[in-house]
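Chemist: This is the structure, below, for whatever I ask next.
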Amino acid sequence: MSELTNLTLAEARDKLSARDISASELTGAFLDAIAAGNPALNAYVAVTGDEARAMAARSDEKLANGTGGALEGIPLGIKDLFATRGVHTQACSNILKDFKPHYESTVTANLWADGAVMLGKLNMDEFAMGSSNETSCHGKAINPWRRKDSDQALVPGGSSGGSAAAVAAGLCLGATATDTGGSIRQPAALTGTVGMKPTYGRCSRWGVVAYASSLDQAGPITRTVRDNAILLRSMASVDPKDTTSVDRPVPDYEAAVGRSVKGLKIGIPAEYRVEGMQGAVDSLWQQGIAWLKDAGAEIVEISLPHTKYALPAYYIVAPAEASSNLARYDGVRYGLRVDGTDIADMYENTRAAGFGTEVKRRVLIGTYVLSAGYYDAYYLKAQKVRTLIKRDFDLAFQAGVDAILAPATPDAAFAPGEFSDPVSMYLNDIFTVTVNMAGLPSLAVPAGVNGDGLPLGLQLIGRPFDEETLYSLGSTIEQAAGRFEPTRWW
Amino acid sequence: MSVDIDTVKRVAHLARIKVTDDEAGQMTGDLNNILAFVEQLDEVDVSDVEPMTSVVEQSMKKRADEVTDGDYAADVVANAPASEDNFFMVPKVVE
């Protein structure tokens, strides 16, 4: 790793604006790091070197004449789920083969307006359905972390596995990601990076390939809490093109980094102490509690009684919404077409060839739970359970809790193929999915390593639109825990 | 509740995904595992609970009813597998 790719986003920003380094040399260093590291890590599925150099050259002009934006010259990776004009956008699915949108997602448009440089598109589970990045049509991304004294490949988590792997390996300064049931926080925890799932409605979903629209939310994965706050400020906006985008000004999140957490009331939910949780995860959680207590926060036990029902309810709501959203892939308007004897046969052949197994599984479950006679028993019931899950959080916040501290994942990174049946893979999201069901913001922060030397993360859950408190608490944990970087083998 | 292979084939047809007998058999097992997992929800008393419609309390935004976008048919069909004169081309639907 060269000196330039070792910088944090905040350090690079300061050096660029002081003109100690140029955007072109910074982008060049990352393109070199990608060329060297990507064959082993498969984090990028498309590298946009020419575009990156052109964007960096424009940034250098702006930096020279003092008109640089908040992210001027900062090289970023973009999850393949975000539409980028004229550039590979495939959601890592064969059904979107060769798709190049003629429009730009709001989130990426915000980043380019602030001067960021696009290095390329990042690997992910197909249509963001997965917790290991193994369902990508471009092959799995590999975690830059390995167990101590082992060369066994590990997954970077998912669905934003490419984003997390690229950030952890120094193949970009930060990455966009999305989180429907844990897809930002779980990969962040498994790679020692920082991931924020903002409040539902904070980042526009316009131009983001839809999975489950009532749960999907974009957010950043970065190396530090400060970098995360900087990136979220640019990603977030109020967007008339997304009716669920919330009309609230975007605060200066960076100002919350390092702010005192003295007197904040932190809830510790008893229901997150689940059977089969790894000892290292539990002791890290206790360590996190101790750090926040030392920083002057008040620790209170709380109860979120419907926690265990979040994952089963999710596996009704998310597939139901997915079956509807993915109906658009019909071989007519974009992507793959496989001919048939008539139009219905063409649809069926196209979707059989274009979708992978996990996507088919979820579309079939979704179609079934929404089919005549089953809607009330499944979908309506799940939406009622969702009301109860949100009520649990509402009651905790009404009782004066400012944020909740819990583990991010039940265990550290695992090997490809380790979870062979779908339900056991789904259990990876047991701690993260409640937050999506309630629409709340949540920050995953690396906090320690397990006995194998693999990173583990803690998760902070906040009140709606109170990402700032999470950044203050996250930076407190980061200061106590230090940063975690993999030993380079790639 | 559980599904049999005929139900899986019917649902696959509703979802317009062609499945072989082998795939339908495999999916039957997978779907039954998932349905058994979600059955836990039967333990929850949801009488008098309203279903969630939105996680954020915000009334639906309505924009002015005016044309703000359009006139780029060529862009819309640019990614189509088959198109002609800015129309999507599909197999014959009506004889």
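Including glycine, each Cβ sits where the backbone N, Cα and C put it.
Dumping what TrEMBL says about this protein:
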DOMAIN    A:25-470  domain 'Amidase'
ACT_SITE  A:Lys79  active site, charge relay system
ACT_SITE  A:Ser159  active site, charge relay system
ACT_SITE  A:Ser183  active site, acyl-ester intermediate
Chemist: Are there any residues in the same chain, six or more apart in sequence, whose C-beta is under 8 angstroms from the C-beta of the residue listed as 'active site, acyl-ester intermediate', and if so which?
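Modeler: In sequence order, A:Met124, A:Asp125, A:Ala128, A:Ser131, A:Gly158, A:Ser159, A:Ser160, A:Ala177 meet the Cβ cut-off.
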Chemist: As a test of the contact definition, list every same-chain residue at least 6 positions from A:Lys79 (active site, charge relay system) whose Cβ is closer than 8 Å to its Cβ.
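Modeler: In sequence order, A:Lys121, A:Leu122, A:Met124, A:Ser160, A:Gly162, A:Ser163, A:Ala175, A:Thr176, A:Ala177, A:Thr178 meet the Cβ cut-off.
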Chemist: Using all protein chains in view, find how many other C-beta atoms are within 10 Å of the C-beta of A:Ser159 (active site, charge relay system).
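Modeler: Neighbour count, Cβ to Cβ under the 10 Å cut-off: 34.
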